[in-house]
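Chemist: Below is a structure I'd like to ask you about.
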Amino acid sequence: MGSSCKVGTLLFQVIELIDDVLALLNLACMMIITFLPYTFSLMASFPDVPFGIFLFSVCAVVIGLIQAVIVAYGFYHPHLLNQQIQVSENQNFYKRHILKIILRGPILCFLAAIFSFFFIPLSYVLLGLVIVFPHLTRFITWCKTKIVGQRDEEEHSSLETFTFYLSEPLSKERVEAFSDGVYAIVATLLILDICEDNVPDPREVKEKFHGSLLEALSEYGPNYLAYFGSFVTIGLLWFVHHSLFLYVTKATRLMGLLNILSLAFIGGLPLAYQLTSEFAEKSHNEIEAIQVSCVITFFASIFQFAIWTTALLHERETLHPFARYGGKEHAFMFAKLALYPCVSLGAFFLTCLLSEFSTAIFHLMQIVIPFAFLALRIFVRISLTIIKSVMSLSRRKVVLLEEEEACLSPSETLS
């Protein structure tokens, strides 16, 4: 599924304009992509049954064929392509290269579908190759370059728009749009859980609580607390993500990969909500539930921090000048990205050491973090002021010592 989305992202960097035919083809492709999680669930639930692997592989083949049709249609109508390819005299070379990359995944999936009826382990190996193959071919190409010699630079630069190198640029707008969609879906799932499981039965309200809806809702207090805590966590992580990409001027494939890993753990936050909302019902599991929630939050935020670190490695190309090392916003952005990993990791170890107070620690973490975000800029400014004053004092002492040594005669200096 991730491979199909990645190819789709690269595809629409080549095809910039979309007409009705491309819109319908893309819609058909998206429909099958959204069906992939169901087929993957069948594979995971019935790993020894060929039909799950077969259905997953067939969907992947159809997705690849639709994407190939999109490429063929785009090159048949060159005005839909990006400017670089439009002015190129070698459009057929571009077309062959892109189709070769798109179709190698469906070919492997087609072989996996066939072998699923004869030798299932080989089908899983072939499906794994779909992910590994781009990096394997890059490694082979690198080895050939070292042995035979340098590649043609003109050919290499012409292929940069449709390869899988981690340092290459990625559409920042599409990364942000995909991320916002995931955050919105995760937040929606939380309220759906509230609506489904936390609405009291009218008959029970009438008989048990004498018609008092407020008294009946008080039974669900821990659930509402868990919901608001989880929603605040999602909202603040989205806020950090938004702040991060506000200063990122150019995204790379590696940053996109780290972003997907962060979103994978963001998608686990509804699970954390379900676990923490059961504190009152299953108190003997509350420590494990809190630790799982802390782990999910930690990895969701640490991959955001990794995006920032990756951007700093090529800061002249990827970051706004204000956010670069030594810039006005660098220290504040560093503190903002480090807050959630530090707090969630600290809460995890505190629950291990002080298990009796695990619930209080977890709720304290959820309460403190929003206020910490509000006070973070003030704290960073105070810290920077203190650091600058300490450094200036140390520099003054060094200057004074140098002046005293300069004033002394050579005999006094030796003595």
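Just so it is clear, glycine is given a Cβ too, placed from its N, Cα and C backbone atoms.
Grabbed the feature section from TrEMBL, which reads as follows:
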TRANSMEM  21-40  transmembrane segment
TRANSMEM  52-76  transmembrane segment
TRANSMEM  105-132  transmembrane segment
TRANSMEM  224-247  transmembrane segment
TRANSMEM  254-273  transmembrane segment
TRANSMEM  289-313  transmembrane segment
TRANSMEM  334-354  transmembrane segment
TRANSMEM  360-387  transmembrane segment
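Give me the lay of the land around each of these features.
Modeler: Within the chain carrying the transmembrane segment (52-76), a Cβ under 8 angstroms from the stretch's Cβ atoms is held by residues 4, 7-8, 11, 14-15, 21-22, 25-26, 28-29, 32-33, 35-36, 39-40, 42-43, 45-46, 91, 94-95, 98-99, 102-103, 105-106, 109-110, 112-113, 116-117, 120, 123-124, 127, 130, all 6 or more beyond its ends.
For the transmembrane segment (334-354), the residues of the chain that approach it from at least six positions outside its boundaries are 236-237, 240, 243-244, 287, 290-291, 294-295, 297-298, 300-302, 304-305, 308, 361-362, 365, 368-369, 372-373, 376, 379-380, judged by C-beta separation under 8 angstroms.
With a threshold of 8 Å between CB atoms, the same-chain residues lying at least 6 positions outside the transmembrane segment (360-387) that come near it are 225, 229, 232-233, 236, 239, 276, 290, 293-294, 331-332, 335-336, 339-340, 343-344, 347, 350-351, 354.
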